[in-house]
Amino acid sequence: MAQSFRIENDSMGTIKVPDQALWGAQTQRSLINFAIGHNKMPMKLIYSIVQIKASAAIVNCRLGVLDKQRKNFILNACNEISNGMHDEQFPLSVWQTGSGTQTNMNVNEVISNIASHLNGNKLGSHEPLHPNDHVNRSQSTNDVFPAAIQIATVQEILENLLPELDQLIETFDKKIIKWNRIIKTGRTHLQDAVPLTLGQEASAWKEQLIASRNRLNKSLNELYPLPLGGTAIGTGLNAPAKFDKEIALEIAKSTRSPFVSAQNKFAIMASHDALVHTMSQLKLLAVSLFKIVNDLRLLSCGPRGGLGELRLPENEPGSSIMPGKVNPTQCEAMAMVCTQIMALDSAVTMAGSGGHLQMNSYKPLIAFNLLESIDLLSSACKSSRILMIEGIEPNLEKIQNSLQNSLMLITSLTPIIGYEKASKIAQCAHEKDITLKEATKLLGYLNEDDFDRIVNPQSMTGMEN
């Protein structure tokens, strides 16, 4: 059956729009002009724009530039969109105008047409709400779109990423307590080093994550000042007095986050340094997670031909040709996510540096990469915690064998017999394939009782008490 269309008008003239679509002429032009790739504008960003539209309607009504009836029409439409009733009405590609204008107008048009439908008017009639004159009143894409990126980024970090990160930290904390008396061989340069406990080793992972969490939390402070009320370039043209402060208060109330009106709107409309900074903190979290999963797959490598000090949960077969093979797939998935985050950070850095004069025209890319990064990190942290980290168990036999055979235990003798003699003991033990105690006795440097008293792995970890 052939699709039916209605005719809509905008400043460019007439255009056919699918009869059932709630979007209008400008959205339809964007669908035609930017049929690029398959990445759609994230719904999280759409919902943040809708939050702005609702808050703007409330403030515009309060300041006397929008009547109460139209305010309620806007709020009703925004409520429907926020509840997920119209997700399919936001079909635009990320790869569009660098300001995000088409997406802002997509939201304006859908709100207008929801009101038209609810009031028995034809779609596209702009009655009772005009997309520009009423829904977009006191606003410009140039202040709405970056504000929406900031709001969506803050909400996604607070509601999704930080809770997952906290649970991951808590899981490592439980492992630290459980593993704190398991003494093992430390390794530097991938070679044997002095001993530490498995709990101490895990504490490094935990502290890396805590530092990343703290850095992320701190970066949010730069995202709370909003450019709303700056309109086109930061001067506030066509916005009533006090609109900027009032809308920031409304958004702070609805999001329960301390958003405020930016003192200098020119700066955060022409550049997006705060967003670039937050992206860099996501990258640092990825750097930490990459290091942690690399450690885990090194310590678990084997199970018989490698270190094999940790046993990771076995979740699925690992090879189509080698029976019984199981791979550290959660580590690999996390490593790929982290690699992707680092690449997305590079793109956001370049995008952030690409502004010209009063406008940065890479906003959709920044929005997409930030929200994609937060989503990937949140879900990867959850997956690795549930399917791997909670189930990790130490291989005590392997750990003990490696510790007993480590030549670096000799380090504790250095203050007693000196570096050169200690080196000779290690070399002798290695060359003759004997223990350090046997080499010490052979060279005549210490008796067995003194050796046992001084070369004490537990005391070397600082965990005697």
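Just so you know, glycine gets a Cβ as well, placed from its N, Cα and C.
Under the heading substrate binding site, Swiss-Prot lists 99-101, 130-133, 140-142, Thr188, Ser320, 325-327, citing sequence analysis as support. The Cβ of Thr101 (substrate binding site) lies under 8 Å from the Cβ of Thr141, Phe145, each on the same chain and at least six residues away in sequence.
What Swiss-Prot records for His189 is active site, proton donor/acceptor. Secondary structure at His189 (active site, proton donor/acceptor), as computed by DSSP, is coil. Taking all protein chains in view, 6 other C-beta atoms sit within 10 angstroms of the C-beta of His189 (active site, proton donor/acceptor).
What Swiss-Prot lists as active site is Ser319, and the listing cites sequence analysis. Take the CB of Ser319 (active site) and look out to 10 A: across all protein chains shown you find 10 other CB atoms.
If you look up Swiss-Prot, you'll see Glu332 marked as site 'Important for catalytic activity', on the strength of sequence analysis. Long-range C-beta contacts of Glu332 (site 'Important for catalytic activity'), restricted to its own chain and to partners at least six residues apart, with a cutoff below 8 Å, comprise Val293, Arg297.
With His189 (active site, proton donor/acceptor) as the anchor, the candidate recorded positions are Pro131, Asp133, Ser319, Lys325, Asn327, and the one with the nearest CA is Asn327. The Cβ of Ser99 (substrate binding site) has 20 neighbouring Cβ atoms from other residues within 10 Å, across all protein chains displayed. Proximity of Pro131 (substrate binding site) to non-local residues of its own chain (separation of 6 or more, Cβ distance below 8 Å) is seen for Gly24, Gln26, Met105, Asn108, Glu109, Ile111, Ser112, given in sequence order. Taking the Cα atom of each, Lys325 (substrate binding site) and Ser319 (active site) are about 6 angstrom apart. A separation of roughly 31 Å, to the nearest angstrom, links the Cα atoms of Thr188 (substrate binding site) and Ser319 (active site).
Sequence-distant contacts (6 or more apart, same chain, Cβ under 8 Å) of Asp133 (substrate binding site) do not exist in this structure.
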